[in-house]
Structure formats: C-alpha cells, structure tokens
Amino acid sequence: MEDRGICPRVLQVLFLVVLILISPVYAAKNDACTKCSCNPKGMVSCFELQEFPPLATFPRNTTTLHVSFSGEISIPSDILQHLEKLKYLTLNNNKIKNIAKFRVKNGYSSLITLSYTHNIIETIENGAFDDLQQLTQLDLSNNRLKEFPIFNKTSSVTKLYLRGNPGITKLPRQSLGNLPSLENLFMERTGIQEIPAGIFRQNTRLINLYFNKTKALERINEDAFDEDSSLKTLVLDETSVTSLPSRGLKNLHFLSLKDVPNFWQLPELDSIREVYLSPYNGFLCCEFESGEKYGKDCTMQKPSTEENNGQTTASSPTKEPATSGLGGGTHLSTQPHTTSGFGGGGFPGGGGGFPGGGGFPAGGSKTSTQPHTTSGFGGGGFPGGGGGFPGGGGFPAGGSKTSTQPHTTSGFGGGGFPGGGGGFPGGGGFPGGSNTSTQPHTTSNSGGGGFPGGGGFPGGGTPFTNQFTIPHIPNVHQSTADPPTLIPHSNHTPNGTQFHQCSKIPVQCVPKSDAFHPCEDIMGYVWLTVVSFMVGAVALVANLVVALVLLTSQRRLNVTRFLMCNLAFADFILGLYIFILTSVSAVTRGDYHNYVQQWQNGAGCKILGFLAVFSSELSLFTLVMMTIERFYAIVHAMHMNARLSFRKTVRFMIGGWIFALVMAVVPLTGVSGYSKVAICLPFDVSDATSTAYVAFLLLVNGASFISVMYLYSRMLYVVVSGGDMEGAPKRNDSKVAKRMAILVFTDMLCWAPIAFFGLLAAFGQTLLTVTQSKILLVFFFPINSICNPFLYAFFTKAFKRELFTALSRIGFCKFRALKYNGTLSSFLYSRSRRHHSTVNAEHSTPKSKHASTMSLRQSHQDLYRKESKTAESLNGICNAGFNAHEETRTSPGSVRYVRSLRGVTKSSSPPHLKLQKQKILQSPS
C-alpha cells in the first residue's frame, strides 16, 4: 500500500520538475521579449520582425513600443485593448501598407504619440484615429497617402506631420475642423495646390504652418486665415505662391520665402520679427532696413513692484508662452523672437524621459545646421535623469534655453532638476529638452534626462530683473541679456489698473542688402538724377537735330556725312537710355523696392540695357571708322587710292552694326544679364561665361581707343610738322585734325575710367560700390553723346550751312542761310539795282518809268537764271525772293532796308563783296 502511495507521488514530483524545466523554453518561444528588447520600465523595442508577436506576450506595463525595419507586418487593430498603458507607439521604417481603425477598451486610450514614418501607406481607414482621445502627436510622414486622413470626431491632436506625401492634393475642411487643438501642421513636399478660404477657421490655436518644398502650391486665398488667427510661423520655401493674404497674419512672427520664384511683394505684417527671402527678391528687405518698420509685441498685465534696497523696480514683463515649452520663467534675449525657459515655474519635477536610445521620437533629436530640419539620436547618458513623462518640466519641453540666434529654442528640461528622478538610465527625452543649433528657426532635442539626481532650484520661480545671469548649472551655457525696449500704455479696467507693455523689436530680414542690391533709388543720388536727366535731354535734342539735318540735306552723301549719320544715331539711342532711366528713377523715388519686379526684372530693363550696349558699341565702332578715314585723308593725302571709298565704308559699317547687335543680344540669353543692377547694364560676373563676356567687351573697347589715340597722334604729328602738304591743305587739315582730336580725347576721358574699373571688377578687384559706379557709368558715360554733335557738327561751318539752309525752308534764318550759302552778294546786288531804279523813276516820265520797270524785271530774270545753276543759290534766291511791283510802291522802305544792309554786312562780308557794294552804292542815278 505504501508502494502504491509512493509511486504516484514520485510521478507527480517528476512531472512538476519536467514542467518547471520546459516551461521557460515554451514561454521563451512565444514571449515578445525574446524577439524584442524589453525594459523593466515598460519600453519595448523590436527590430526586423518577421511577424508581429502575440499581444498577450507583451508586458502588461508596456508604455512605449518601438517597431522598425520589420518589413510588411500587420499591426493588430486591438493592440490598445491589450496594452492599456501604451502611450508611445512608433512604427517607423517598415513596409506597412494600410492603417485600420484602432479599437480601444471602454472608449478610452492612453496613446499620446503615434508615428508611421517611412512606410508605404496608401490608405487609412475612415476615422481610424477617432477613438484616440489622448492622441496629441500623429506622424504620417514619407508615405504614399493619396488624401488627408479623415477625422470624424473632435481630436486632441496638436502636432500633425504629413510631409513627404505628394499624393495629398487638397486640405479637407471637415477633418481640419475636427482638429481644434492643432498647433503645428507640417505639409512639406505634398501636392497641395491651394489654401482655400476659411480652411483654418476652426484651428484657432494653429501656431506653426509648414508648406516648404510644396511646389504645387500656387495660391493662398485672401481669407485663408481668420482675423484672430494665432499663426506665428509660416514657411513657404520652394513653393509657387505669388502673394500672401493681407488678413489673418497680424500675429505672424516668422516668415520664410526662400526660392519662391514669383513672389515680389510683402503684405503689411505688424508683428513680424524674421523674414527669410532669396537673393533675387531680397530687395523686399529694404522695407525693414530703413528702420521705420518694427515688429510689435504687446501683452496686458497688472503692474507689480519689488522693493530692493529701498528701490522700487517693475517686474519683468510677462511674455507669451515659450515656443517649445510650457510654463516656466522666460528669459528674453537681445535677439528678436527668442525665448529661454528653465523648467516649469521654479524647476519643479523632472522632465522628459521618453524613450531613450534614439528613434522617433526616441531620446530627443538633434537638428542639423540647416533651418527647419530635425534628426533623431539616442538619449543622454547621464545617470538618474530622464524620468517621468511628462513630469514637471515634461512635455512638450521641460524647459528651454534660447540661443543667441533669432527664433531658436533649446531645452534643458528633463530629469535631473529637483524631483526629476525615476525613468530609464540615460533616458533622453521626447520631446524632452532641445538644444538648438546656431541656424535660425532650428530645434534639436538633446534628450531629457541627463543631470544626476534631484535637488536643484526651489519651486515658485525666480523673479527676473532688467538684467540677470542664469545660475550656474553643470553643462549649461550661461546667458546675460537685456530685455527689449518696453513701451507701457495704461488701461483702466474694472479689475484694477492694467497696462500694455510693448516691445519695439527690429525686424531681421535675410538677405541683407549687398553691393548689387542696395536699398536706394535707381540713380542713387538726387543730384545725379537731375544732372543725368538734363544730359539725356540735351543729347536727345542735339543728336536728333544732327540726324535730321544730314538726312534732309540736298547735298550728296559722302563718307564723312554717312559716318556722321551713324554716330548721331548711336548717340541719340544712348541719350534715350539716359533719359528713360532718369525718368523711371524720378517716378519710383523713395519706393523703388516695390517696383523692382516691374522694372529691373521686367522687359523694360532688358530693352533699355540692350539699347545702352548697342549704342555704345556702335558709337565706338563709328568713331574708329571716322578716325581711319581722316588718317588716310591727312597722312596719305597724295595717295588717292588709299582712301576709304563710300562702298567700303558702308560694308564696314554693316559689320559694325552686326557686332553691336551681337554684343547687345548676348546678355538677353542669360550671360551677364541686364537685371543684375537697377541701371540695366551687364554687371553680372558670377560665372565664368559672364566674366568672359564682360572682360571681352571691355578689352575690345580699350583696344579700340588705344588704336584711335595712336592714329590721331600720327595725324597731329604730320599736321604740325607740315610734311609734303601744301599750305592751304595743311591749314584746313590742321583744323580738322585738331577738332577730331578733341572729340576722341573727350571720349577717352569718359571711357578710360570705365574700362579701368570695369576690368578690375571683372577679375575680382572691386574698387567702387554700385552707387559709385552709377556716377561713373550714368554720368560720365553719356557725356560722349552730348560732346559728339557739337564737336563734329555744330562747331563746323559746313554743318551750319546745312542747318540754316534747312531752317530757311520753313521760314527761319533766311538771311543767315544766304550768308552761309555764298549768295549774299547776288542778293545785295539785286537789291541795289532795284533801289537805284526806284530813285530814277521818281524823276522820269511814265513812259520812262515803264521802261525802267521792264529793265529791272529783265535784270532780275537774268540774275535768277544765273544763280539757278547751283541748287544752293537757287534755294537762297527762292527763300529771299521779292515782287518788283511791290518794291516800286514801297520805295522809301526799300531805301531804308538797303541802308540797314550796309551796316549788317560791313564787317562780315569778304573784301571783294565790300568793294562790289561800294561800286553799287556810288554809281550815278
């Protein structure tokens, strides 16, 4: 009987031993912690899973689940029913294709953060996140979503990441309306085309909005944001928007519009503090550089004072909450839009502690030097810290310290401040504290935990004075700064006297004005505008007169006159360039930065630049041809075959026109374009091709003027030395050579400085600013167009003859036309004959009077036929014609007129004319 009792007991013991031995093996085979890394504090990290472990095998205290690089796995929709304490679920870098609706237990879920980044998600079940009432952060970045996730119920999401989903093309009004707590919306690299009216009407807490690299975005409706919008950050880099709404941006602090090709005008932004633009529209910063426009920052608060050594000092103004921190005293840096917080109100409680070890949002993140970028890295390695999420300083930032750069925030929250404790060793922090880089508007989370143990500052906060120093904390920078200038405004309310304190903060706008984009008018100085306007007007009139006179002349067109016509045309175009440029400068004075797109980047500047380069090159080529023509005429006067024929001259000038046209067209192709500076000249030497073009242009011009100088030096030497020329030709050519030398040296005076400074600038040795260059290029450059018509036309007798002849045709300057045409002697002779005939007629019989009149007519007809042999004499006689019958009736007036002619022609007539006049006047009646 005893044996029978012993055997079963032995078997039972053996069974229990075997069960004890195999149970760990069985459990290990099915336990999630064998496939994943489990932390006693409730953190589970899984990598490269083939299938998702059974939910029942996860620790019941799991608060953080991190699954990545696990291929195409399926996440059970009831995961939150089994893991009731789960707060942070990150499923990044997998191959998940869809998201089913999450089921929760008793309508409640503890999930705070959900991340699905870098998957291949295409569809999300309708209302998939509706039951996640505690969800504050949802990240669906870098997937293949084709539409915005649908929210059928009001959600508590504050941060929504949808970047990297180009299939999302519309913003659904219903879904956004169910996100009233939304503060940050990240829509970078999506396919959104328009921000419609009233789309953010329910999102009154929206602070940060990112659409950068959304190239499809072309329009923001004027009513996209409500008047009471809280939007502070708007990033539109690399989009296609052309304007911003004038309403709903009154609280905007940060605006980025880099690489937005067609954006040319900023609306009124009362509270703006930072603006980032591209170099081609950086002129918009001129509105802020003047110092007349500031950002405003006003808060209403009750006055409070503190007694300190018998002195009453106003307390520091209460600012708006820190950008990435809740509560906590804030320290205002001298840089605009910066905030630094140190824990929550006196640094109680720990801070960030999730989740350590990197990942999303693991351990915090470190931001690169590029703006608006974030990269995750592992948590800190200090013992003890990190505990408790969100804990005192906790989420979203256990306190932050702002760097000296504008709009940057760095956190030093997390365990380690008093009460911090608990958590995983080296916990890091999500979002924990953040350490901001030196680049504007960047954030780096450096892990929450970090400083050992508790202790630290007492609760309650520390009052700030006008200038204060942060108490020494290990591994934390010290900072001393002054708050912005305060402008108090009293306002009486039923609760007591309150007042507004406004900080007047200068706006930081990037890029700053540079040498090629100064914040000034087109011409820079007022006096330069006035003088250049007069220069342009005179050049226009003078060269137009020269061209009209030469083209309407009845003389044969020879080589010299042909070259003069070309030079007058070129100088007229250059005068037109100066006249238009100064006119535009006068119209846009004081407000040019609002006209840059219309003028400098428009067709007007390109056309004007083309005219400037074309006219200058054509003028230079024509001067070279005129110099060569005079050189052969003077130095090789005896060699008739060596001179330029009219046909050769025309061919050369056709080549000159082609050269000038090519040089003017090149900048229109993008090589050293005309839009670099406001005066529309090819200043751009940013690449090798542009530098080569500018250098070639200046070298050709320099070589041309050196050649002209050499030829004229030879001509002057021959004229002065006499050579083999006869006296008369020598005297005539001497005058011509000296006149042409003055012309060329005047051109040299204008061109030499331009060539010198231009070549140095083309090769990187800039000695003048753009403003100084305007004086050189716009004031001295067109002097040629004024000098040339006077030097080669108005100061020569030949041109005076042409001018007065042309004027006589329309009834002006008839007598001077007779003088320069050489017909004045014939005119005086005929007048004298008529005078004597009239005197004799007074004493003769009617028959003799008739004979005298017939004789006078016959003499006049003979004289008319004689003078009509040449066109010039015919022109002079016709313009000075008279009626013999009328003269006989007005003999006293004729006598007086002849007497007046004596005095007029006494000193100006040649000797043979004087002798002829004396004979006529002394002849008997």
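Along the chain as shown, the residues are counted starting at 1.
Even glycines carry a Cβ here, placed using N, Cα and C.
Residues or ranges marked as N-linked glycosylation site by Swiss-Prot on the basis of sequence analysis: Asn61 (among others). In sequence order, Gly42, Lys85 are the residues of the chain that are 6 or more apart from Asn61 (N-linked glycosylation site) and have a CB within less than 8 Å of its CB.
Feature annotation from Swiss-Prot assigns N-linked glycosylation site to Asn152 (among others). Over all protein chains present, the Cβ of Asn152 (N-linked glycosylation site) has 13 other Cβ atoms lying within 10 Å. Secondary structure at Asn152 (N-linked glycosylation site), as computed by DSSP, is coil.
Under the heading repeat 'LRR 5', Swiss-Prot lists 181-202. Residues belonging to the repeat 'LRR 5' (181-202) score a mean pLDDT of 95 in the model.
DSSP assigns Asn212 (N-linked glycosylation site) to coil in the three-state reduction, placing it in neither a helix nor a strand. Here Swiss-Prot flags Asn212 (among others) as N-linked glycosylation site, drawing on sequence analysis.
Per Swiss-Prot, region 'Disordered' is recorded for 299-493 (among others).
Summarising the annotation, Swiss-Prot assigns compositional bias 'Polar residues' to 301-318 (among others).
Look at Swiss-Prot and you will find 333-349 tagged as repeat '1'.
Annotated region '5 X approximate tandem repeats' per Swiss-Prot: 333-461, in sequence order.
For 341-362 (among others), the entry in Swiss-Prot reads compositional bias 'Gly residues'.
Residues or ranges marked as compositional bias 'Polar residues' in Swiss-Prot: 365-375 (among others).
Summarising the annotation, Swiss-Prot assigns compositional bias 'Gly residues' to 376-397 (among others).
Taken from Swiss-Prot, the feature compositional bias 'Polar residues' applies to 400-410 (among others).
What Swiss-Prot records for 411-432 (among others) is compositional bias 'Gly residues'.
The compositional bias 'Polar residues' annotation in Swiss-Prot covers 434-445 (among others).
Look at Swiss-Prot and you will find Asn435 (among others) tagged as N-linked glycosylation site, backed by sequence analysis.
For 446-462 (among others), the entry in Swiss-Prot reads compositional bias 'Gly residues'.
Only residues 6 or more beyond the boundaries of the repeat 'LRR 5' (181-202), in the same chain, are considered here, and those with a CB under 8 A from a CB of the stretch are 136, 141, 155-171, 173, 208-214, 216-226, 229, 231.
Between the alpha carbons (Cα) of Asn212 (N-linked glycosylation site) and Asn152 (N-linked glycosylation site) lies a span of roughly 28 Å. Beyond the ends of the transmembrane segment (530-551), by six or more residues, the same chain brings 523, 561, 564-565, 568-569, 571-572, 574-583, 586, 778-779, 782-783, 785-786, 788-790, 793-794, 799, 802-803, 806 to within a C-beta distance below 8 angstroms of the stretch.
The stretch from 652-673, 692-712, 775-795 that makes the most Cβ contacts under 8 Å with the transmembrane segment (562-584) is 775-795. Under DSSP, the residues of the repeat 'LRR 5' (181-202) split into helix, strand and coil as follows: 0 helix, 5 strand, 17 coil. Residue counts of the topological domain 'Cytoplasmic' (552-561) by helix, strand and coil are 4 helix, 0 strand, 6 coil (DSSP-based).
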